[in-house]
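To start, the structure under review is shown below, and the notes come after it.
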Amino acid sequence: MALYEASATQLLSQLESGEVTSVEVTKACLDRIRQHDSQIGAFLKVMDDKALAKAEQVDKKRKAGEPLGKLAGVPVAVKDLLCTEGEVTTCASKMLENFVPPYSSTVIKKLEEADAVIIGKTNMDEFAMGGSTENSALGKTRNPWDTSLVPGGSSGGAAACLAAQMVPLSIGTDTGGSIRQPASFCGVVGLKPTYGRVSRFGLIAFASSLDQIGPMARTAEDTALFLEAISGHDPADSTSADVACPLFSKTVDQPLEGLRIGMVKEHFGEGLDGDVEKAVREAVKVYESLGAKVVDISLPHNKYGIATYYIIAPSEASSNLARFDSAHYGHRCDEATMLAELEEEKAALTAAGDEVGLKRMDTSLIRMYRKSRAEGFGPEVKRRIMLGTYTLSAGYYDAYYLKALKVRRLIREDYDKAFKSVDLIVGPTAPNPAFAAGSKTNDPLAMYLEDLYTVTANLAGIPAISVPCGLTGSGLPVGMHMQAPALEEDRLLRAAQMFQKATDWHTKMPSL
Amino acid sequence: MSDDYEIIIGLEVHVQLATKTKLFCRCSTKFGAAPNTQTCPVCLGMPGSLPVMNREAFQLGLKTACALNLNVPRFTKWDRKNYYYPDLPKGYQISQFDLPMSEDGYLFISDPKQQFEAKKVGIIRAHLEEDAGKSMHDEAAGKADTRVDLNRTGTPLLEIVSQPDMRSPLEAKAYLNELKLILTYLGVSDCNMQEGSLRVDANVNLHIKNDGPKKIATPIVEIKNMNSFRAVERAIAYEATRQYDAWKEDGKTIGDAPKQTRGWDDQAQVTRPQREKEESSDYRYFPDPDLAPVITTAEEVEAVQQSLCELPLAIRERLHDGFGIPEYDADVIVNQGRVAVDYYEALALKTGDPKMASNWVQQDVLRVLKERDLEFEQFPISVERLTTLLKAIMDKEIDTTRAKDVFTQMLDSDKDAPAIMKEMGIEKVDDSAIDDLAREVLLANPKAVEDLKNGVQKAVGALIGQAKKKNPNIDPGTFRAKCMELVKDM
Ligand SMILES: [Zn+2]
């Protein structure tokens, strides 16, 4: 087995036994990226020198018998919206094309403490808004299974680099399904932890009450170990859960006895691709063969998930993205041109005697904001800023935002009720397998429906995982979605591991 | 002021809380540092940074709430107030909107000079929020440059909003004085207006008297930019006249115009219309998803309540009732702050003459502080030493006029009054010496004796003068009494 094919767990055991060095592993990953990333476009930046220096350092420490972190010497890719001190952190936006944060996010710090080798920053939809990674302002990412297809989004780069076997571990973020849907499209494992399980400090916010950083990997075991490394209470994030972090890697191998699986009847209705449905139903049968009991349940307010999400997320985004006014950082328009245009407009309005127009004219400050933001943000980001500005504005707040908050509570209550009778809720991650690039770019609503099954976990703050569970007739991966009550990641990981021990879908990788 | 209308005044006071660090990060709040040196990713609103509430700021808010009789609800949260301004780095200010940390309280105001009747001013709410930065506009040399200093961003503010219960500039000033006094007694703020620790906006309009059943209200104006209490008083007075004149001119009433913002021009002593912040009409408030709501239990509020110091109103009453000094005296002393109160109380107890102690503190001590530009804490004569002087006066060892000389000497030495009196040759003159001196002077002034016999009291003044030349230590009161007594037998 080539080094790039190995899982993080396998690599760690080889590193510990001295069969390989971290430098060798890192080089294998860098080679793989060099060979194939021109086709895939998973990375916005590869940090060769830093990665090799870190690998060398870890090798030295290991040789000297010094204590090492949980991920010592294992290469990790990071979605490019986690602030990394001294490294350009772009959010795949022109707005932040040259932004170098003077601080690192808590997760980056944790990865460094875990002695992981951070190999590069992965592509994504701009500010994590999108389901196909086609909204990146800095490049296209393709699906390694078929480069005419999208990898999903917004953590498209994060999923694609795993499927392309460029790296064994990759950090994603999930606001409405952004880890799980691309994991499903690329045939890898993606876990969205409980809200607050992983610190959001240094994560460039999209929708603060929904955003969560999570691990992506090819196996359940790796996912467990990775989650363990990045979780924990952070005093710098007041929404971070002040609970002890379980040792997921120690429990992942324990099968779940008497597992009760909830199947949501609403999840198997209109809009669901036949091959996807078939693969998920087969997967559930695997669990039944392992002794699980299937229970039909209902989540009556799930059907409002998308609508609720597309009010709350843009509302928060419109406010979170206000800081990109180009005054303190970020893209700024060419001021001389802007001022000249303003003068020209003024002259034209004066000549026309348009008093009203003159009165309404921007000040140079407002025009600077306006123009810089117009140039810096892509269309999807603008769409959501406008949506959010609208739903939060004085006359509409009650009708939209406040109502969405109420529905959000009902969705949570549905889950609370459901989890009284089942241990896990299982269904498809996405309604369809990876779709053709460009096929939905002109239809934002169709794109939004990609999050149909995933958004409610974010609205409820509960953990959820996508695990590869089959292939479609045309050979594309299908993801099985599993949800658990808050802080029960342990249950999700054990269930995923049970499945991966009984099947080999997770070992299927595209040939490049 | 006119009899044709009533002025309706409500005040919004922003108080900078005396925390060492900012409301949502650990940056220093110290005043006067070089621009942008007291900042971090959080207060700069850098992408990915997150706020974490400063417990101490919340605690100071609680303290103030208790002192102003405000209710503290169990649950309060943080909201974002969204607007664009160069000194607002996040594009929103973290504030409290519909569920403030405290609401519905009051404050008593009164005037010892009796220029208005004592009253209770309602307080609608007091909520916490972060301050914005400072924009410095430099339009010199045709270069319209604006520089932004973000040292102040994130400094904790408590916004205290009163009911429109005040009816004159004087009442407004009294409210501010009392509020400032309470805040300084509590130690929650230094209330320094020059440094912006206390900022006042006034909402003013008029109720014009007419014969009909409905009163006429003029449009509300919010006055900003006032940087002293005097300016507040004057701005309100100016605004009242202006609104009355405007109403006579255009007849516009409250329904005809939205609230206007005007700035006070201290140089010209006028208010002028102010440009509104861009798009300030709709702040798109919503709960800040980065901050957890704050739960305060009744026990916590009770504990804060218990820990409060004695407040100015209670001290005034105690001084007035307990020491029997006039309300005016009590007010003057209390207005000087807790150190003055402690000083006065100790002096009153040690001398056993509260009124005399009050006179000395109000007149002599305060005069020296003013002349030498000192804080009360810096007053050089301890209570013990001043007591030795006051005792000497009470024992008629020294007259009041000469006591002032001794007082002056005491300021720059650390000696007690008797020591200084000795140096100055001041000693008590015994009764027989006074008797002798009185006879001597009376004999030498038959005209004065005649006048005194005829009831011309002032004639004794000249006699005292002559006697003092012969012996400066005589007590004028005792000498006067002796003369009157002797004249009867002459
Ligand atoms: Zn700071």
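Residue numbering: from 1, along the chain as shown.
Quick reminder: no glycine exception, Cβ is built from N, Cα and C everywhere.
Among the features that TrEMBL reports, domain 'Amidase' is placed at A:24-493.
Non-local neighbourhood of A:Lys79 (active site, charge relay system): A:Lys121, A:Thr122, A:Met124, A:Ser155, A:Gly157, A:Ala158, A:Ser170, A:Ile171, A:Gly172, A:Thr173, each in the same chain, at least six residues away, with C-beta under 8 Å from its C-beta. If you look up TrEMBL, you'll see A:Lys79 (among others) marked as active site, charge relay system.
For A:Ser154 (among others), the entry in TrEMBL reads active site, charge relay system. DSSP assigns A:Ser154 (active site, charge relay system) to coil in the three-state reduction, placing it in neither a helix nor a strand.
Every protein chain considered, the tally of other Cβ atoms within 10 Å of the Cβ of A:Ser178 (active site, acyl-ester intermediate) stands at 37. Look at A:Ser178 (active site, acyl-ester intermediate): DSSP puts it in coil. Taken from TrEMBL, the feature active site, acyl-ester intermediate applies to A:Ser178.
According to its DSSP assignment, A:Lys79 (active site, charge relay system) is in a strand. This prediction places the mean pLDDT of the domain 'Amidase' (A:24-493) at 96. A:Ser178 (active site, acyl-ester intermediate) and A:Ser154 (active site, charge relay system) have their C-alpha atoms 5 Å apart, to the nearest angstrom. Cβ neighbours within 10 Å of A:Ser154 (active site, charge relay system), excluding its own Cβ and spanning all shown chains: 35.
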